[in-house]
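What Swiss-Prot says about this protein:
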- 2-160: domain 'Obg' (DOMAIN)
- 161-338: domain 'OBG-type G' (DOMAIN)
- 167-174, 192-196, 214-217, 284-287, 319-321: GTP binding site (BINDING)
- Ser174, Thr194: Mg(2+) binding site (BINDING)
- 358-436: domain 'OCT' (DOMAIN)
Amino acid sequence: MSMFLDTAKIKVKAGNGGDGMVAFRREKYVPNGGPWGGDGGRGGNVVFVVDEGLRTLMDFRYNRHFKADSGEKGMTKGMHGRGAEDLRVRVPQGTTVRDAETGKVLTDLIEHGQEFIVAHGGRGGRGNIRFATPKNPAPEISENGEPGQERELQLELKILADVGLVGFPSVGKSTLLSVITSAKPKIGAYHFTTIVPNLGMVRTQSGESFAVADLPGLIEGASQGVGLGTQFLRHIERTRVILHIIDMSASEGRDPYEDYLAINKELESYNLRLMERPQIIVANKMDMPESQENLEDFKKKLAENYDEFEELPAIFPISGLTKQGLATLLDATAELLDKTPEFLLYDESDMEEEAYYGFDEEEKAFEISRDDDATWVLSGEKLMKLFNMTNFDRDESVMKFARQLRGMGVDEALRARGAKDGDLVRIGKFEFEFVD
């Protein structure tokens, strides 16, 4: 395939928060100076930024890993570590971002300058100045920085065009685009000449302008991936008006009306919302001898399949070769665009809600399993977050972590599972003895 890349899978890692510091104030004439360790800085976010100058996802073919910087550690004198700069990654307009693991749509990036945080940096760990209490005025406790969010993302690029040209291969879509715009698509008398979307700007005689995309040729079964399949259909999702190009000369030996039905069936099979878009039927190649007779037959069959109260789709006879009927077609297209709103690609329920970084009540705080060597293994998102933020170089921090586990009910749950005094318990690579 050509150098157009419309999907990519990448990994992003936000920066970790900086570690908090344990320090004490030691100055002349300041007795009992107390704790003086500052907090760590926030880790950098990974932020996607829409750049209208980009046209493909090609950059992500060569660079698939994006990692933001971590925050600085806390310092003495109660000074906080510096927060890290966000890592800003440029993406083209029309990029849909999904979580690769769940398939959930995170965001749809369509406006120049639009930003979205795809991975949140961890907060800085607290220094010992934060843990001072009347009972413990000089704590030797600090927190490690919170790990930054890490995830795998699936990117899809759907080109931004107001009007999409659809039709069987070799019905004249590329020729039409080259005539009505300054685009220079590859044109040839064989199927799938167009293997990537071509985009061009149209200016009508009345001065209105809109973007037109000549999309890869569609065949029956495309919605199931046949031919160029869903690569084609992905791009038509963003168009507001569809120009359905029909070869009225039947030069390929197919019936024009059967072509019309087959293409609409594929659009409906892929996504029912594609059929909500207004469609203009473009009867192309009207300069050929058989075309007029075929057009009359087409109109007759079309009318037979609509009841008397339904409005028939507009049909515009044209010739991309001789430019017959083009001005009328473009004016009608511009008029239809003016009264057609944009279509949402995804229901709001499919989009990721505003990020929430607490712990849900239903979410298990921890899980217990047992290894083959009889070691009890603790896991779970909340537990691992507390574990990763514990400074095991300080006894008071370790004791604080033990109290947190007890408060979560870990001791009680281990006892209920049959843990005995002296049994080994493992969290990550850290092991300790269970004390009953």
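Glycine is treated like the rest: Cβ placed from N, Cα and C.
Here the features listed in Swiss-Prot are placed on the structure.
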residue: Gly167; record: GTP binding site; DSSP class: coil
residue: Lys173; record: GTP binding site; DSSP class: helix
residue: Lys285; record: GTP binding site; DSSP class: coil
residue: Ser319; record: GTP binding site; DSSP class: strand
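Along the domain 'OBG-type G' (161-338), the predicted structure has mean pLDDT 80. Secondary structure counts, DSSP: the domain 'OCT' (358-436) has 30 helix, 17 strand, 32 coil. Among the listed binding-site residues, namely Lys173, Lys285, the Cβ with the most fellow Cβ atoms inside 10 Å is that of Lys173. Cα to Cα, Ser319 (GTP binding site) and Ser174 (Mg(2+) binding site) are separated by 13 Å.
Its own atom aside, the Cβ of Ser319 (GTP binding site) has 22 Cβ atoms within 10 angstroms in the protein chains shown. Note: the Cα of Lys285 (GTP binding site) and the Cα of Ser174 (Mg(2+) binding site) are spaced 13 Å from each other.
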